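Everything on this sheet refers to the single structure shown next.
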Amino acid sequence: MRGLQARAGTPKGTLTIRRGRFSARTSVRSVTTIAVISAGVVALMVWATTLGSYAISPAELWGLVEGTAPQRVHTVVVEWRLPRIVAAVVFGIALGISGAVFQSLTRNPLGSPDIIGFASGAYTGVVVTLLLGATGYAARGAGALIGGLLTALAVYLLAFRRGIQGFRLIIIGIALSAFLDGINTWFTAKVDVDLALHAAVWGAGSLGAVNWTSVGIGSAVLAVLLVAAPEAQRRMRRLELGDDAAAALGVPVEPTKLALILIGVAATALVTAAAGPIAFIALAAPQIARRLTGQGASVDLAGSAAVGAALLLGADLIALHAVPGVPLPTGAVTICIGGGYLVWLLVRESRRERSTA
Amino acid sequence: MTVRRTAGLVLAAALLAACALASLAVGAAMLPPDVVWTALTANDGSASHVTVSEARVGRTLLGITVGAALGVSGALIQALTRNPLADPGILGVNAGAGFAVALAVAFFGVTRISEYLPFAFLGAIAATVAVYLVAGGLRGTPTPVRITLVGVALGAVLMGVSRTLALLNAETFDRMRFWSAGTIADRPPGTLEAILPFILVGLVLAALCATPLNAVALGDDLARTVGARLGWARAGVVLSVTLLCGAATAASGVIAFVGLMVPHAVRWITGPDWRWILAYSALLAPALVLASDVVGRLVLMPAELQVSIVTALLGAPMLILLVRRTRATAL
């Protein structure tokens, strides 16, 4: 085995990681990029704890670590700011993973959890809970979760015909989403403006209402998904070669697709239940990560997760602090930041291509 | 095959005619076909005749125009991007129009629907031009994947800003929620005349692009080999989509699903020849719009349901049935 590897040679700039039975090959650039983004996220997290109308100095922050800070600082940082900051990172990772999974599964750069109708179904679920008269936070989360999961299940079952085929999944997903969006639009245009605004504010997504409980549940779910991630990445790479090639390489195709869909849906669900449908990160993160890590056509789970966390944390900070005193809806800011950044990357990419052509 | 497709085209035209007749006859006042006919040929000014000539004729014509524009632009954009998820909105048309309307409502105090039209149209055109220029790196000819990505990204930015504007200001939200539920009812007078020239030019352009699009479907390299001029074809398609979808959206608000669904359904009848797909889409999309409009008048009598909602509620189950019955074919 070793001899074979030596003869085949390792291309320059690649890195092979081995641990027992498992091995993974990745590029130096990919590893450094992800490390830099992660370090940036951590720095941003620390900085974020000091921002706000009650300014916290670095000394006070250090005092908190040593356990000598006054109760007031503890309350502001640990109970008010930290849940939201941690939520941004956890949810960003989840959305990045979910987007990467769906783009790989459909082999389509527009792939995102919306493909499986989750967002539209969750919105309809919230609309139904509002119509039933429940406006509480927990009821909304439950409505979103039930609506989203039922829709995802319906899309999967309708798309299943001797296996799941990417194209059919996309069409069924579009159709069912359009159907539910029709209902949502009707609701928005029909009901009292306050109720419609209530749903729309939820629909924009916000980290404003997270607390340690919801972050804890989300993190627990994410931890389970992260354990499955390396194996998922390995199989995604093979599935991207096509179903037949993947089967020849020993991947059980249909169970793997189902497992990937479950991972993607679970990652979206944990975010949606706590913070509403935070749009666009799932779509943009894999595309941005691809361009930063230079991974070619393949979708990279780790890179998407890191970019997702950076995007959501950055967007949430801007949403909170850009206009003093007016908190902007996180979801809307996310779209602007993510979209703007993606546009910039694409412009740069097309320039570089012309200069080398 | 050609005989079958021609027969199908005649059938589609007949279906459209039937939908148009239904659109003239059905509503709060139910009129038999002969009354509709005399209203059109020898209008005597009676209440039922006025209903037809004043309200329903304009609405039906607008439905046909908007429907044809949406169907053809949907087919064009799917041909160009070779992506089944692409709808005309992908070039930023809807987002640009929505953004301009949101700006107009929030900052210029525009309140009347008739005043939305120029804003929406200019917004749609500006967004599409921006997408095309950015995707092409300001000079070159953009690739389909890049048009798709830039369109989605730029569209998302515009939508994010309009959504922020709407969420921060309840008044703006109140107006935008009606604009985003597109309808062909109660349009201000002159709407059809205002958009018709743009849509006609767009349709002619689409017809000119049909043959090169068959080459585009082969992939860029092969298309060049068979002598297609990709740059011209792409620019023509983008211009046509901008005119068609921009004008339609300006007139009726957002009707999202038609442009996406009809070309998909049509491809299962016609096969991959874009000339046929465009012709079928131009007839069947207005049929879907008119049929949905008629259903929308009936389900909540005497209130009406906006056509954009009904198209999704009617079209989605049809699309699901089709994709489950036929062999799914990628673009």
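Numbers run from 1 along the shown chain.
Glycine too: its Cβ is placed from the backbone N, Cα and C atoms.
TrEMBL does not curate its annotations; it predicts them automatically.
As given in TrEMBL:
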type: TRANSMEM; residues: A:28-48; note: transmembrane segment
type: TRANSMEM; residues: A:85-103; note: transmembrane segment
type: TRANSMEM; residues: A:115-135; note: transmembrane segment
type: TRANSMEM; residues: A:141-160; note: transmembrane segment
type: TRANSMEM; residues: A:167-189; note: transmembrane segment
type: TRANSMEM; residues: A:209-229; note: transmembrane segment
type: TRANSMEM; residues: A:258-285; note: transmembrane segment
type: TRANSMEM; residues: A:326-347; note: transmembrane segment
Among A:85-103, A:115-135, A:209-229, stretch most in contact with the transmembrane segment (A:258-285) (C-beta, under 8 angstroms): A:85-103
Positions on the same chain near the transmembrane segment (A:167-189), where near means CB under 8 A and six or more residues out: 105-106, 108, 111, 114-117, 119-121, 123-124, 127, 131, 151, 154-156, 158-159, 161, 196, 199-200
May I ask for the residues of the chain that lie six or more residues beyond the transmembrane segment (A:85-103) and have a Cβ under 8 Å from a Cβ within it? 41, 45, 48-49, 109, 111-113, 115-116, 207, 210, 214-215, 218-219, 221-222, 225, 229, 232, 236, 260-261, 263-265, 267-268, 270-271, 274-275, 278, 281-287, 289, 299-301, 304-313, 316
